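Below is one structure, written out as structure tokens; the observations come after it.
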Amino acid sequence: MPLMMSEEGFENEEGDYHTLPRARLTRRRGGLEWFVCGGWKFLCSSCCDWLINICQRKKELKARTVWLGCPEKCEEKHPRNSIKNQKYNVFTFIPGVLYEQFKFFLNLYFLVVSCSQFVPALKIGYLYTYWAPLGFVLAVTVVREAIDEFRRFQRDKDVNSQLYSKLTVRGKVQVKSSDIQVGDLIIVEKNQRIPSDMVFLRTSEKAGSCFIRTDQLDGETDWKLKVAVSCTQRLPALGEDCDPPIHESLSIENTLWASTVVASGTVIGVVIYTGKETRSVMNTSNPKNKVGLLDLELNQLTKALFLALVALSVVMVTLQGFVGPWYRNLFRFLLLFSYIIPISLRVNLDMGKAAYGWMMMKDENIPGTVVRTSTIPEELGRLVYLLTDKTGTLTQNEMVFKRLHLGTVSYGTDTMDEIQSHLMNSYSQVHSQAAGNTPGSAPLRRAPSSAPKIRKSVSSRIHEAVKALALCHNVTPVYESRAGVTGETEFAEADQDFSDENRTYQASSPDEVALVQWTESVGLTLVSRDLTSMQLRTPGGQILTFCVLQMFPFTSESKRMGVIVRDESTAEITFYMKGADTAMAAIVQYNDWLEEECGNMAREGLRTLVVARRALTEEQYQDFESRYSQAKLSVHDRTLKVAAVVESLEREMELLCLTGVEDQLQADVRPTLEMLRNAGIKIWMLTGDKLETATCIAKSSHLVSRTQDIHVFRPVTSRGEAHLELNALRRKHDCALVISGDSLEVCLKYYQHELVELACQCPAVVCCRCSPTQKAHVVKLLQQHTGRRTCAVGDGGNDVSMIQAADCGIGIEGKEGRQASLAADFSITQFRHIGRLLVVHGRNSYKRSAALGQFVMHRGLIISTMQAVFSSVFYFASVPLYQGFLMVGYATVYTMFPVFSLVLDQDVKPEMAMLYPELYKDLTKGRALSFKTFLIWVLISIYQGAILMYGALVLFESEFVHVVAISFTALILTELLMVALTVRTWHWLMVVAELLSLGCYVASLAFLNEYFGKSLPESLLAMWHLMFFIVTS
């Protein structure tokens, strides 16, 4: 069985992501300045990408011959059908985890410092002083990664160990999923996962088709209909030889993808692709590891601290006069002042991020929120651009039929009863005529001439329009079984036929379900459907049977779908088609109302579909079928040839009606968008819907205020047209921009920088007819040209690329499935939850992390300042002031709890933050953590460290032996007081943390004789002397 699958069937076209013009960015810098300011990073990344592409060069796809049931005859070697989601193996686990940790400057620095303690000449304290904090950080990381890796291993093992039935010459054989090979005939039962990419050969369903669930593959909740290969489905027993050989073309409907689940019947398929060649694996891309802006800023500050550390050490050696082995003294000073860069910074921040995520998920005001990426909660407080999808995000994706337009008359929700009466009268006349005629009489749709002409015309047109909507779709009615046992299946099926309460509709589009549900509400009900026939129930209860001759599914290129049916009672053949007005306008007969009414409905926010038909004679259909079958058997350019044959039918079709379906807004969309706009966030809407509908939704949702001007970017196809339109946009001020995907593509090709610059000046931007690739492209352009933080919000599989490309991705669990939710960094259940997520939790996370990070650095700076003062007083000796447990305890039990309790601090209550979203604006400027605030904390640390050390030396000169104890006690008390003074809103846990730390220090005095001396309690009786310089500090 020769099969050829093009690469387009497996991968999205993402090549344009990597071909973004960089000339304008690199043109500003050149030579050595460009290399120093980041050019070396670009060169290194380019070389790495080149090596990766060389090592991971894709295998050329070509025709594949598969021997059914005989995998041993395959000449080529194919990958094992095993799933492997593990990041490491036994040999690469430890090196891989250590690399991920030590690629950060902070951890690498402390590794070098800790290793230096093995050199006797450089040792300045106990080994555990340096290795204990570093070991704790690494141990936590290794344990966490080991647990995650073991869980991935268990999941992979469970999937790979699933048993399937394989057909062989000896009968059925049980085989593990990982042992399945190309060419095996596999039996998959109902509710069982499909183990590999297969061609659908046979099913137990009489219709020759089955439903599969693809929610684990693409996140879509709707069932998909798959069709068995007709020649193998007709065989009385699988494996019988056919003479002469049968040639039958295969389509996407004959494929069963790996990781989907069979929803009905039992299927038999032949394995075509296994393991890493399956569609699910090839479509899986590792999302980028997102790093928050706060982490990047802290990394820069850490580098600044390192430079300060080196400068301070050089100054100390210089003041020594470079006496003796000065280079050794230099390194010892580097070790003494190493606490300028606190290793506890990353530990505290990571624990803080986990706490922020827990608070988000426990917030009762935003139930169902899930934090999937716990490393970037602060990003929610730095957003400038919010890019959102429309359908299912701003709207509910619950379609309601609102309007039916026949050209001369329009029906709305308040006049649907008229359609029902017209339809009832029409079918009653047809039934009465059928009762008086023989089966071979004229077509039944001819009404008696006694009816009024205008009445007859309207009834006939309504009759044809409703029948077209009831027939032209891919909806399948599904009935829930009432039988309690498997053996009663046939009885249950007979009992449940045509029972309205048990019937649900399955389709790939909610629009089609809404249309079929509407036809049911007016009296024409779809009661049964399989591959070859459909049954409708009329208002009078009669069953009409139609034979499905051909089906043309909807595609994003054609923007329409069609069906050819034969009425069993009249033998009439009719070609029905429905689609977007842009695609159908050139197909239907001339009319003077379609374009105008489409615009009117779009302005009302309705999604429009144009419905048309064409009657075919038997000769016309036979001629079409022969050409269509020949085109489907073509090996080269099959798609183009099939489309050409179908287009031969799409000429001068009779326009039946125009439908309007409403997608209602989500709850509280308007106040949420208003809040975000007041918070200084610019909102862009990226949708695949038509321009008019997108503009109407933008107005109704108050994304664009009704008093605001809207500049609709005209369609452009050339550079000159794009230049003129950009000039027209430049002359507008304070107006929203509406642009289509085609025009966007042309402008980005010639005037990328100019378009982005002008669009960023607009208060709102609406991009319609956008593909998923274009959505991600827009996100990347905003990041490159503005340097601001972006957030993407979506609910469908077509939003995943945009969500992954943004600095912060938010997924909404909706009608389109969970794919966007699973791929996002944060998952919510309703759009209105975004307001509280950003204005309250995002704001608190950023301000708390900024305060926590600076306070941890202050804690290291103050003790390093005291060490510098101590060394300078004692002739610049490289001798440590505090040793052993004092250094470890200072960063842990003595100060950790009060400092970490800052994650509970808040400057305003959540209610005030929601009431005044303008407070969010200040965060985007990064004033909570900047070089200015950092320098203020540095000066505070230097001042406090100097006062504490000099105060201890001067005031307690008579008790010089206890200077270490007195200064360390003063240091601990100063830190606890600083935390208390920094807190804005007290929490009971903060009080507990303060008292617990103070209690731990007092209790540990009994065990610190080694450092403080035995007469320490007596010296502490004069502790009131410390109050003076503690208050001064």
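Heads up, the Cβ atoms here are built off N, Cα and C, so glycines get one too.
Within the model, the domain 'P-type ATPase N-terminal' (75-131) carries an average pLDDT of 80. Residues or ranges marked as domain 'P-type ATPase N-terminal' by TrEMBL: 75-131.
Counting only same-chain residues 6+ beyond the ends of the transmembrane segment (128-147), those with a CB under 8 A from a CB of the stretch are 88, 93-94, 97-98, 101, 107, 110-111, 113-114, 117, 338, 343-344, 346-347, 883-884, 887-888, 891-892. The transmembrane segment annotation in TrEMBL covers 128-147 (among others).
Residues of the domain 'P-type ATPase A' (172-279) grouped by DSSP class, helix first, strand second and coil last, total 14 helix, 38 strand, 56 coil. Under the heading domain 'P-type ATPase A', TrEMBL lists 172-279.
According to TrEMBL, the feature transmembrane segment maps to 304-324 (among others).
With a threshold of 8 Å between CB atoms, the same-chain residues lying at least 6 positions outside the transmembrane segment (330-349) that come near it are 104, 106-107, 109-110, 113, 116-117, 122, 124, 130, 133-134, 136-137, 140, 295, 298, 302, 305-306, 308-310, 312-314, 316-317, 849, 852-853, 856-857, 859-861, 863-864, 867-868, 871, 878, 880, 887, 891-892, 896, 899-900. Sequence annotations record features per position, and here TrEMBL assigns transmembrane segment to 330-349 (among others).
Look at TrEMBL and you will find Asp389, Lys390, Thr391, Glu512, Phe554, Lys578, Arg607, Thr687, Gly688, Asp689, Arg769, Lys775, Asn798, Asp799 tagged as ATP binding site. Residue environment of Gly688 (ATP binding site) contains 20 other Cβ atoms, counted within 10 Å of its Cβ in all protein chains.
A C-beta separation below 8 Å, combined with a sequence spacing of at least six in one chain, links Asp389 (ATP binding site) to Met685, Leu686, Thr687, Lys775, Val793, Gly794, Asp795, Gly796, Asn798, Asp799, Met802. Here TrEMBL flags Asp389 as active site, 4-aspartylphosphate intermediate.
The Cβ of Asp799 (Mg(2+) binding site) has 31 neighbouring Cβ atoms from other residues within 10 Å, across all protein chains displayed. The Mg(2+) binding site annotation in TrEMBL covers Asp389, Thr391, Asp795, Asp799.
What TrEMBL records for 432-456 is region 'Disordered'.
Summarising the annotation, TrEMBL assigns domain 'P-type ATPase C-terminal' to 822-1015.
Annotation comment: TrEMBL describes 856-878 (among others) as transmembrane segment. Long-range contacts of the transmembrane segment (856-878) within the same chain: residues 124, 301, 305, 309, 312, 316-317, 319-320, 329, 332-333, 336-337, 339-342, 344-345, 348, 890-891, 895, 899, 934, 937-938, 940-942, 944-946, 948-950, 953, 967, 971, 974-975, 978, each at least 6 residues beyond the stretch ends and with a Cβ under 8 Å from a Cβ of the stretch.
According to TrEMBL, the feature transmembrane segment maps to 884-904 (among others). Same-chain residues lying 6+ beyond the ends of the transmembrane segment (884-904) with a Cβ under 8 Å from its Cβ atoms: 125-126, 128-129, 132-133, 339, 342-344, 348, 351-352, 355-356, 848, 851-852, 855-856, 859-860, 863, 968, 971-972, 975-976, 979-980, 982-983, 987, 989-990, 993-994, 996-997, 1000-1001, 1004, 1008, 1010-1011.
According to TrEMBL, the transmembrane segment annotation covers 934-954 (among others).
Here TrEMBL flags 960-981 (among others) as transmembrane segment.
Listed by sequence, the residues of this chain that lie at least six past the ends of the transmembrane segment (988-1009) yet keep a Cβ under 8 A from its Cβ atoms are 885-886, 889, 893-898, 900-901, 904-905, 965, 969, 972, 976, 979-980, 1016-1017, 1020. What TrEMBL records for 988-1009 (among others) is transmembrane segment.
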Next on the checklist: Among Arg607, Arg769, the binding-site residues in question, whose Cβ has the most other Cβ atoms within 10 Å in this structure?
Outcome noted: Arg607
Next on the checklist: Most Cβ neighbours within 10 Å: which of the binding-site residues Thr391, Asn798 is it?
Outcome noted: Thr391
Next on the checklist: Counting only residues 6+ away in sequence within the same chain, which have a CB under 8 Å from the CB of Phe554 (ATP binding site)?
Outcome noted: Asn474, Ser509, Arg560, Met561, Gly579
Checklist entry - If you draw a 10 Å sphere on the Cβ of Asp795 (Mg(2+) binding site), how many other Cβ atoms land inside? => result 32
